[in-house]
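J.: To start, I am sharing the structure in question, which I have written as structure tokens.
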Amino acid sequence: MSLGEERREKKRGGANYNRRSIATASVTHHPLPHPVVESRPPDPQIHSSPPMDHHHHFTPPPPSPMENTAAGASSKPPTPASTPNSRLASGAPSSRHSATPSHASATASAPTPASRTVYSDRFIPSRTGSNLALFDLAPSPSPSHDAAASGPASSSGSVPATSPYCALLRAALFGPDTPDRVASSATACSSSSSAGASAVGTPATGNIFRFKAEVPRNAKRALFSGEDEEDALFPGIFTTRGAGPRKIPRSPYKVLDAPALQDDFYLNLVDWSSHNVLAVGLGNCVYLWNACSSKVTKLCDLGVDDNVCSVGWAQRGTHLAVGTNQGKVQIWDATRCKRIRTMESHRLRVGALAWSSSLLSSGSRDKSILHHDIRAQEDYVSKLTGHKSEVCGLKWSYDNRQLASGGNDNRLFVWNPHSVQPVLKYTEHTAAVKAIAWSPHLHGLLASGGGTADRCIRFWNTTTNTHLSCVDTGSQVCNLVWSKNVNELVSTHGYSQNQIIVWRYPTMSKLATLTGHTYRVLFLAISPDGQTIVTGAGDETLRFWNVFPSPKSQSSDSLNCIGGTSFVRSYIR
């Protein structure tokens, strides 16, 4: 044999040896610690088929003749030793198919048109039919399962499926457990346990890739839901914010002693300016209390022959009108503590004042209402007549187009700026009408309250001239004021409970009932920021209450000097 032939023989023998090694390695099985799912080779004809209809139900592929023969020989599942290595490249045939002749594989991989299975590339989970056992979150169907869960699984450090944590997590991911879900979960658990080493994600149970059941509305993910849904899914777990009524402090945060504050239902002795200064009429004097600095200033002294019957700030907050017992109306510059003008037009005491820009309206015991233009030389520019008794309530609307007046004749009148006779007359009250308030939220909405014999708060629509509603408060209505921040109002009362009530409009539900005064709460004013009210009574005290929330557009530090929570008692003079 020549040298070349010898080399060719060695090469031929080496190639045969290599082929024998590869063939031997392809049939060698390496045992694994756990059973490995068998991989089925893909059907080459499927990839060449046209796109499928997504509504086609997924059905298991028919077994090949090789698998039918194996199933007929033995019904046992494959052992770890006979399971092919899972690390083989995808698309490579398993050892079972490699041992099958090539003509048998071709016959098995050519399905008929009636039995050809169409696979989908779209993954749409169905929560109602999901197999919870895959996530170790399935509820325990029987007590024996609880005992098994608390055994070796718990000792190894895993959380049992019946723990509160798993219950909350299961509800967060799949929604609350309903009877149909519990039944479907139990069925899924039993089918999963009986399948054993069946392929995970295969259509053995037919639940994972099913596009059929609609997700219930109440099964939305609680992790991204609102407050109400969290409370519905987890009652008692999450704390809801802002669900209940607003909490209003039941006690005043500040009390001022106001000696000689008169106990007279027909007077109006307290008013709060837009510059955060409180004016109080005490006897024959007027005092100014600065809410930011708590500084008290004596504005005027009328002398021993006269008394203060009413005070009213101009809208700009720089001028104060004072009505006296002798029928005089004085205009004071509060910044300089100087009297600017005195108008002597009424014959009797002036118990009500109301500003509309540069026009000042005054109501008197002489049954008349006078309009004073502080720019004109005359004491008054017009006189309104209509009441049969003392005028004790007077308020301009926020747009300055309507003036409401209440009198001791149980009448409520509405005037326009140019009329000398009332344009609207309301006679439903059965007692004196002192409490009057216009709504800042709805044009033409007017609230009025009656005295001891009436005890009612009535609401009127002055645009359509209709009586809207009536609420019996059970006691004398002394004052009314609307909140400009929220659609609520406050009423103060006299005989017999002397209470302060915060109402929500239009339901007129009571948000809070505040008590503390020992006499009738005859005087009421609201702070310029709309959060605080001050009440005055014949017990010679002024009490400050935080009853309304801050407006949304207002910064939190604006006017924070009057929003304190500490209790302070001091003197107004």
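Glycine residues also receive a Cβ, built from the backbone N, Cα and C atoms like all the rest.
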J.: Using TrEMBL as the reference, determine which range in 134-159, 212-237, 368-393, 394-419 is annotated region 'Disordered'.
T.: 134-159
J.: Six or more residues out from either end of the repeat 'WD' (384-416), which same-chain residues have a Cβ under 8 Å from its Cβ atoms?
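T.: 265-266, 348, 351-357, 361-365, 367-371, 422-427, 429-438, 440, 443-444, 446, 448, 450, 454, 460, 462.
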J.: Averaging the per-residue pLDDT over the repeat 'WD' (514-547), what integer do you get?
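T.: The predicted confidence over the repeat 'WD' (514-547), as a mean pLDDT, is 96.
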J.: How many of the residues that make up the repeat 'WD' (301-342) does DSSP mark as helix, as strand and as coil?
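T.: Counting residues by DSSP class gives 0 helix, 24 strand, 18 coil.
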